[in-house]
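Q: Just dropping this structure here.
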Amino acid sequence: GKALEYRKTGYSVDEPLTDRELATQYNNFYEFTTSKEAVVAEARDFNTSPWTVKVSGLADKTGTYDLADLIDYNALEERIYRFRCVETWSMIVPWIGVPLADVVKKLGPQPGAKYVRFQTLVDEEQMPGLNRINIPWPYQEGLRMDEAMNALPLLTVGMYGEILPNQNGAPIRLIVPWKYGFKSIKSIVGLHFTDQEPKTTWNILAPNEYGFYANVNPDVSHPRWSQSSERRLGAGLFDGREDTLFMNGYADEVVSLYDGMDLKKHY
Amino acid sequence: MDINKTLRHGLAKPVLHLLALLPAFWLGWLVLSNDLGANPIERVNRFTGDWALYMLLIALAVTPAKLLSGWKSLPRFRRMLGLYSFFYASLHLTSYLVLDHQLHWGRIIEDITKRPYIMVGLACVIILTMLAVTSPKAAIRKLGAKAWQKLHKLVYAAGCLGVIHYYLLVKADIRQPLLMAGILLLLFGIRFWHHRRAASSPPKKTSVDRPGHAV
């Protein structure tokens, strides 16, 4: 992919990066296919240029933005984050983007805006997985406003020094490192400010399994499997699992967001 | 060409052994060439689980295939196919215990006691083990033909449990487990249909028309 200009930051992890090849060839992107190994091929011809993002709802600067008008490409930064999938695999990736909080501020959310909802592109011509599986498209995710304004969420346009590969959510995706990967929505075309908790796709599909918050939490099991440990991509056949960290290791930065909340209830 | 003669040929079983072992060879090749992809443990878990289920369905398909085709020598392969299902299920269990959980018994016991899909999978493996242990001819003599037959009816339960185990662990795309469930139902349907037909037609006619086709 095309190389990006960016600056390094102090956001890093004390462990080696996942090989680029692994992080870009093992992806969940059901709009293309449910096979993680096959997404690369299915998304090869995905056309992401031009790309616009529609901003709507309770904000002053609603409208349709070209990607370059939404993201300040002169302010790109690299952040090395842990990424933990709800399916219990994980990786460590150098993402490139801008803080979501900066973009949200720029869009002028109104006092009534309590949540922000994101939507993925739906394009049957380009996304062969849409008709193969019974999911109410478009894929939707959301954050509470204070979560969105936290310093960690990154509106991401690149990884490993280059623009995002299609299978990783080109041209623009969200990365929310303390939440399970499905919150980190891909190929975003819509951003909506609202006073209601948005319906989120996995929560609609299986409300007892996937909550709105989806914070990484080793003490709260998925009903069908444990979340207390994970397999790092690239680990060998005999390397076993790693312990999963509370809030994926970002508790210091985010735990105050959930003061007084029962995290077993708000999973 | 007489199909039944071919099926009884001395080479028929060795050839089938070879075919049934192909997936295991393929897996061994992937391990040795370090070509298991980004999530090798997951891959091995899936691969061995898939083949345990495929072999079980193939073993369960033997009788319906005999009923439909009239190839009465087919059942001589049934035990062997069942044992291959047990073989892949054992690899699957080993992969889960040793590779995935590195014999971390705390995690394993938590899994077994709390996760329905693990419980169901374990029940399936226990049944397959009981059937494998009692598969030698000596076990039939020891248990008596009637009790042995009763015990081995559990293979149908194993088939159901295997499919349920698969269904429970997928995230949203249930097409594959549904396909397996469909195949299982079809196989049961053929047996059921044949039973009813055999029961409703006069016994004499049955014995003349279809000698040796008691189910």
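From the backbone N, Cα and C atoms, a Cβ is placed for every residue, glycine too.
Sharing the record's features from TrEMBL:
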type: DOMAIN; residues: B:48-162; note: domain 'Ferric oxidoreductase'
type: TRANSMEM; residues: B:12-31; note: transmembrane segment
type: TRANSMEM; residues: B:51-69; note: transmembrane segment
type: TRANSMEM; residues: B:81-98; note: transmembrane segment
type: TRANSMEM; residues: B:118-139; note: transmembrane segment
type: TRANSMEM; residues: B:151-168; note: transmembrane segment
type: TRANSMEM; residues: B:174-194; note: transmembrane segment
Q: Counting only pairs 6 or more apart in sequence, are there at least 3 Cβ pairs under 8 Å between the transmembrane segment (B:174-194) and the transmembrane segment (B:81-98)?
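A: No; fewer than 3 Cβ pairs under 8 Å.
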Q: Against which stretches of its own chain does the transmembrane segment (B:151-168) lie, if we need a Cβ under 8 Å and a gap of at least six residues from its ends?
A: 49, 52-53, 56-57, 59-60, 82, 85, 116-117, 120-121, 123-124, 127-128, 130-131, 134, 143, 174, 176-178, 180-181, 184, 187-188
Q: For the domain 'Ferric oxidoreductase' (B:48-162), what does DSSP give as the number of helix, strand and coil residues?
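A: For the domain 'Ferric oxidoreductase' (B:48-162), the helix, strand and coil counts are 101 helix, 0 strand, 14 coil.
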Q: What mean pLDDT does the predicted model reach across the domain 'Ferric oxidoreductase' (B:48-162)?
A: 94
